[in-house]
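Only one structure is covered here, and it is reproduced in the block below.
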Amino acid sequence: MSADFWAGYISGAIGIIIGNPLDILKVRLQASPPPSPLPSPVLGGAALPTPAGSPTLQTHLRPWLTGTAAPVLGYGALNALLFVSYNRSESWLNTHLFPTTTPAATGSNLYTTFLAGALGGLATWVVSTPTELIKCRAQLSPSSSSWAITQHILRREGLRGVYFGGGVTAVRDSVGYGFYFWSYELTSRWMRDAAGGAAGGEAARVLLCGGLAGVVTWASIFPLDVIKTRVQTQNLGVDAAAAGGELAPLVGAQGRAGAEARDTKLPRLGAWDVARKTYAQGGIRSFFRGLAVCSVRAFIVNAVQWAVYEWIMLQLGQGRRTPQDPLSEVGSMGTVG
């Protein structure tokens, strides 16, 4: 495996562990309808169920670690695939579309940076769609594990079921990762120009540019992410019941068999129909519910993720910075995350 594969995998897994609590809030805000006096059928009210007995550290932490297993495994692989695809795509684009007399460095052309990021995002579709589907459903059904939800989907719908919502996910990832790498390289240039070539401050630059890239990315695709979340979590009450989740009491005394029988009759809306329904429920504001929480999470997660990625690449002898622009300060951040 290449250096960028392992750097991408490890940095992606660390980013998910750090950002999962805020990601749970984001998904719940996106999936819930506009505020009303009645409890949401998806969330079953405002509060999470509290296990009987005295609360323990595990009791307090579990709701905020819900749905972590799928993205830690899946997003690590996704991030590895993303960086490998991005680096290879940009190298090819710089060689064939914008050839120069000398080999072009990563991020040297912002046009190819955006295109390579978009191609890298599109390549992650095969991993991101099932990962996002299982993660979102696990986060909205805290008593159902990621594995139980995966088994339920495969048993009921086969492999096709875990790729439900794949179209809107592919568009979101392609556009989003194009902006992701483009904004990281652009802000890196601005900061280097502002520093006037002065040495030092590289660790702060990586953290700040990584965080800003995350915020720019999510701001550019947030309405698409809201639609994706609602597409993948529609009919969740019945699905969770059939999988033995916490929403099972909502379907009455028939239990899992009744839930599964009814589930086959429930229609599922496509991305366009979900978008129209979302707009009808709450107008344009519905497409930006959870953006503030998401922006905070995006800055923290991507600041750490880029710092870890750059540091691992440097340790593996594949640092992409020039000798005049070392990442030695990031090397001192070995315990970051």
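Glycine residues also receive a Cβ, built from the backbone N, Cα and C atoms like all the rest.
Cross-referencing 106-127, 216-237, 238-259 with TrEMBL places the feature transmembrane segment at 106-127. Confidence over the repeat 'Solcar' (201-315), given as mean pLDDT on the 0 to 100 scale, stands at 79.
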